[in-house]
Structures are given as structure tokens and as C-alpha cells.
Amino acid sequence: MHTKCCKQLSCLWVTLQSLIFVIYTQENLIGTLLAIFGNLLVSISVSIQKQSHVALAGNKDPRHYYYTKSWWSGLMLMVLGEGALFVSYAFAPLSLIAPLNAVSVICSKLNAEHYNIPILVFVERYILTFLGCVLTAGGTYLFVTFGPNSHEKLNAENIVKHVIGWPFLLYLLLGIITFCLVLYFYKQRDANYLVLILLLVALLGSVTVITVKAVSGMIVLSILGPLQLSYPIFYVMFICMVATIVFQASFLAQASHLYDSSLIACVNYIFCTTFAIVAGAIFYQEFYHEDVLHICMFLLGCTICFLGVFLITKNKRKLKGFEPYVTMDMVKGIPTIHNKGWAVQPDYNGSFSYGALENNDSVASVPLPGDQELSISPSPVSPYQPSELKKD
């Protein structure tokens, strides 16, 4: 029985190796499909998790979000999507995978705002968004068609050779100097500009994509045959990958507290894609054997994608500000604040100032009595008469 199980496992392992070898020989095709599929899954998972939070808030459900099935479904889809993206780096050049994040931008935009709108109404009402989607799709076709086709086996020896090469060392030195200067202005001079914050993210991201491709390629190559996980360079790349991802998430969280998410998505996509292409061209020498025509068409496709993403994120409905006003709709002696017909109760700490959301030190506050009657204490401000108050 034990021998039979061992034979079955051996057959399964040989089949898996054969399948991966067939996929590996397809070069860019499988990597591109995995990247597109992964970006779609990540966008759908974020939308599912968002709907879970909205449903809990709308129904006033006291449960935590991690007790809902929809949130866990979104998490599983996110794990699958990120796994597909991780594996895609092993099968396609870095310069080809990085711009495909535009697929995630398109899918997120459609899921967030237009999933319940017919396509004709969507085209009529959101013409800039539709034009951006068309441009992004056209740009994606261009840079996938004319993208680099070079793909070497990412074994430990090749990775070490690239790491100690002078092009990457020079790029790393310039990147570290730029990162330290930008970080100094951001932290010490309080230069909280979006460009500076996302420049930090892009510089870290260029190192992240290099390490992700190295780790992913070495894992896939280990499955095919020669084991690569015993080399120290694998663990060096893995540690750098985790560290840069953590710091990227930290800077993105800081940017999200200061700026609009659509603006962050647009600028971050342009910066990270540009630095990822440069990193792939320097570290992995992906454009070394490409002719000028293919490089120009690839850059044209990326530029069209940048313009499309800009139009997609630019067309966002502006939220109207909160404009409160106070009426005589008294609930237990507390004036009701309205915002276009919706009643909002003000916060109070034993007292409140009439007509203001917060207490004003220049106006005497009125204490709340124990009973449900409103008694007004003497103050420099004369009380209003009921006839002078605005009625709904």
C-alpha cells in the first residue's frame, strides 16, 4: 500500500513538472494571461469586501466583518489573484507585467460605480471614463504585442550576476540617494506632497518587483528540477521583497489620509510602472536584444495606458459638503440639525450652543435640565423668539 501511494505521488509530481515545463516554454503568453487574471480577481475581491462592509453598516448589523461569508469569499479571491500575479513574474518579463495593473484600475472603476448601469447609459453619462477604458485597452494591446520577449532562466547564478553588475549597482546607488533626499524633505521639512510620497513608494516598488521576479522564478525553476532554494541569494531576495512591501504599504496608507484615492491610484500607477520598466531594463536587461521599432511601440502603448488611466480616475463625481441648519424639531429638548432633510443629532457633553455643532467659548452654554424642558440661563446673547425661528 505504501509503495502504491509513493508511485502515485511520483506520477503526480512528474505530471506537474511536465505541465509547468509546457507552460514555461510559452514565454510571455502564460505570464500575460496570469497577470490579467490576477488583476481581475484582486479588483473583484476588493469590491466584494467593500460590499460586505456597506451591507453591515446599512443593516446596522453588530457583527464584525470577518464573521460574514462575503468578506471571506473576497479574501480567498484576493489570495488567488495575488498568487496568480506572483507566478506571472516567473513567466514573462518584468516590463510586460507591471503595466498590466491598468486592468485592475479599469475593473475597479466599473465595479465601484457602474456595475448597475447599462452600457449605453454608462457611455453617455461617463464619456471620459469610457474613453479612458478604450485608450487603456488599446495601449495594453500595443505594449503586450511589442513588449520584450527576452526571458532567461532565473537560477541563483544569474541572479547573483545581475546583482553584482555595475548597471544595477549604479541604479541602486542613485535610488538610495534619491530615496534619502525625498525622505528627508518629507519627514524633516513636512513636505507632504503627493508626488514626494508616491515617489518613495515607486522607488521601493522598483526593488520589490525585482525581488518578486527573482523569488518567483527561482521557485518555479526549483519545481522543474534543479533546486534553487538552498542558495543564500534566494533568502536575501525574499527578505528584501517582504521589507519593501511593508514600507510601501506604510507610505500608501499615509498618502490615503491626505489625498483622494482616485488621484493616488493615477499617480501611483504612472510612477510605479515607469520605475518597474526601468528596473527591468537595468537589472534583467529585458530590452537588450530588442530593436528600436519595438521599443518605441512599447513605450507608445505605455503612454496611451497612462493617458487612459488618467481619464478613468479624473472623472469622479464630486461629493457635496455637509451644510447643517437647525430647526425647531425638538427631540427631548435637543435641537435637530438637518442636512437636506436627514436629521442628525449633535454631540453634546452636558451642554450645547444653539445653532452650532460645537460649543463656542464666546457664547454662554445652556445646561440640559433633568426634565425634558429647555431652560435658558441668562447670557449676553438675547434669546430668540419662536416666531423668529426658521420652520421646515
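Glycine too: its Cβ is placed from the backbone N, Cα and C atoms.
Taken straight from TrEMBL:
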COMPBIAS  374-385  compositional bias 'Polar residues'
REGION    366-392  region 'Disordered'
TRANSMEM  12-37  transmembrane segment
TRANSMEM  126-144  transmembrane segment
TRANSMEM  164-186  transmembrane segment
TRANSMEM  193-221  transmembrane segment
TRANSMEM  233-253  transmembrane segment
TRANSMEM  265-286  transmembrane segment
TRANSMEM  292-312  transmembrane segment
Ask   = For the transmembrane segment (233-253), which stretch among 126-144, 164-186, 193-221, 265-286, 292-312 has the most Cβ pairs under 8 A?
value = 193-221
Message = Contact between the transmembrane segment (126-144) and the transmembrane segment (292-312) is defined here as three or more C-beta pairs under 8 Å separated by at least 6 residues; is that satisfied?
response = yes
Request  = Rank 126-144, 164-186, 193-221 by Cβ pairs under 8 Å to the transmembrane segment (265-286) and hand me the top one.
outcome  = 193-221
